[in-house]
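Now, the feature entries from Swiss-Prot:
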- 13, 14, 15, 16, 17, 18: FAD binding site (BINDING)
- 273-287: NAD(+) binding site (BINDING)
């Protein structure tokens with residue numbers, strides 16, 4: 001059958017990339033079709049039941065700032081919220097939400113089903129209609145042809161997916177779901193650069209068989225943070241604790257004894273796994289000097305006893321999984337509900353993409369998510385939104401858009417993928433961003449919401465809330481700048497009494513806030529401020545980090561001017577503070593002549609280039625003084 005409706009955008013896949021892609025295109029007014037093999041699994045959390053974390057929550061906030069669904073779904077489904085790196089600087093603070101799988105998925109599905117311009121159809125895609133070098137349509141498993149102007153492919157782990165438990169293997173996109181074999185073959189016919197990656201998941205545990213009394217409870221933060229700029233604590237369901245236990249030498253001996261039946265260590269799995277989320281087999285091999293590893297027992301939801309033991313992802317045979325689980329303190333009688341497994345799947349070298357996530361070989365075909373070599377819901381969602389908005393703009397012959405590295409973590413993600421490529425699953429960290437003080441969680445809306453509004457991604461309600469917030473920030477900052485505390489006036493005396501700090505001369509409330517040990521809550525109490533916590537936090541960060549932020553803006557401008565800066569032939573990379581051993585060795589081997597050349601060396605990060613630039617500048621200043 002030839003379906004009568006012609007779409008602007010067709011999105012294949014209903015995971016985290018696909019849902020954000022479809023929602024973005026539909027919000028922009030494009031006629032959009034989301035093809036999924038199973039409507040019941042839209043927005044499903046296939047691995048760990050959590051959203052956010054270091055580097056990742058920055059992406060979630062950026063998705064949210066552009067009108068995406070992930071952050072609000074996390075607020076509606078989150079059963080524990082924590083601020084990570086809370087004692088560190090604002091640039092690296094991150095929000096993490098432990099999610100109820102069912103509630104999160106329900107929130108995503110509700111958003112999809114209530115989005116104007118978006119049709120959903122349950123059917124696997126088997127073929128792409130390509131005429132010349134341009135995609136024109138999609139053919140489903142039962143032979144239905146859908147015509148479209150653009151296609152966004154978000155296949156996750158389904159392309160040629162193979163599940164491994166011990167030396168047994170079976171076809172699957174994830175446990176219980178079939179793989180996408182026909183589409184995998186079709187993409188290989190298009191001569192796109194394909195490779196294999198792998199990821200894994202731990203066995204799931206019945207909480208009723210666990211002794212929590214010997215474990216360390218890990219409660220959420222109070223007051224509870226929110227993930228979305230539009231979020232509110234009232235959205236949160238009941239909050240619960242996670243629990244921490246550890247592996248031990250007995251656990252490690254059991255694992256070592258099973259390595260001869262491990263698909264990873266017998267060469268059965270060829271795909272490369274995620275470096276920063278290794279299996280327990282990898283951990284005891286790579287960190288042989290450690291006699292224990294943390295295991296976080298995370299509830300899968302409020303209406304289930306199922307636990308996710310974060311830290312023991314494995315593809316060992318089930319009998320070994322059974323023994324290793326029961327060797328862990330508090331889990332001596334644990335009942336496994338589902339075995340852990342590894343999954344191997346196709347991905348395509350992201351260097352074959354444009355910065356808009358459109359393939360270079362096939363016009364109007366966009367890739368997003370794990371198909372590009374990334375790992376993580378947040379990385380997938382960010383790519384999905386970018387691919388969706390660019391497919392939507394291409395459908396109406398509008399200019400494509402990708403944020404720069406100094407504008408968003410999304411920009412860092414895309415630039416890393418396209419410039420460097422990847423041979424292992426790519427995960428976002430704050431350390432990948434050289435301008436991270438400018439790319440904080442709290443200001444994602446300032447950086448991106450106005451851009452999103454221009455492109456039609458941000459609705460009236462979100463835009464009004466953003467404008468109200470920014471007006472409050474501006475008004476309150478101006479108010480505090482005109483409130484003065486002096487040693488002998490009431491405000492000054494109250495400040496000294498309240499904080500125990502010295503006050504030797506007159507200064508504004510803004511100047512008081514600049515002090516290291518003074519926070520906005522104290523200033524609010526002192527001055528009678530009525531603004532929200534979100535507004536207060538934004539003001540405090542802007543005030544305290546003003547000098548550093550201004551310096552980083554200067555660095556952005558200077559790095560652009562100095563892209564062709566010469567590196568002295570005898571430059572000593574060993575004196576560059578903060579440069580990793582791996583990057584130092586690469587620079588010593590290649591000996592780049594310019595910063596631009598250094599930037600192009602695979603594995604040399606923009607942050608490393610900036611460190612080299614700063615050292616060159618310091619050396620030049622030292623020579624001038626001498």
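Glycine residues also receive a Cβ, built from the backbone N, Cα and C atoms like all the rest.
Features as recorded by Swiss-Prot, highlighted on the structure.
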| residue | record | DSSP class |
| --- | --- | --- |
| 13 | FAD binding site | coil |
| 273 | NAD(+) binding site | coil |
| 279 | NAD(+) binding site | coil |
Sparsest-packed among the binding-site residues, when each Cβ's other Cβ atoms within 10 Å are tallied, from 16, 275, 283, 285: 275
When distances run from the Cα of residue 16 (FAD binding site) to each of the binding-site residues 275, 277, 281, 287, the nearest one: 277
Lowest local Cβ density among 13, 14, 15, 18, 273, which the record lists as binding-site residues, within 10 Å: 273
Neighbour tally for residue 281 (NAD(+) binding site), based on other Cβ positions within 10 Å of its Cβ: 26
DSSP-derived class (H/G/I helix, E/B strand, else coil) of residue 18 (FAD binding site): helix
Winner by Cβ contact number (other Cβ atoms within 10 Å) across the binding-site residues 17, 277: 17
Other same-chain residues whose Cβ falls within 8 Å of the Cβ centroid of 13, 14, 15, 16, 17, 18, the recorded FAD site, in sequence order: 11, 19, 20, 21, 36, 43, 154, 156, 369, 380, 384
Number of Cβ atoms other than its own within 10 Å, given for residue 287 (NAD(+) binding site): 11
Rounded inter-Cα distance in Å - residue 18 (FAD binding site), residue 273 (NAD(+) binding site): 23
CB contacts for residue 279 (NAD(+) binding site) [other CB atoms within 10 A, all chains]: 26
Three-class DSSP secondary structure - residue 285 (NAD(+) binding site): helix
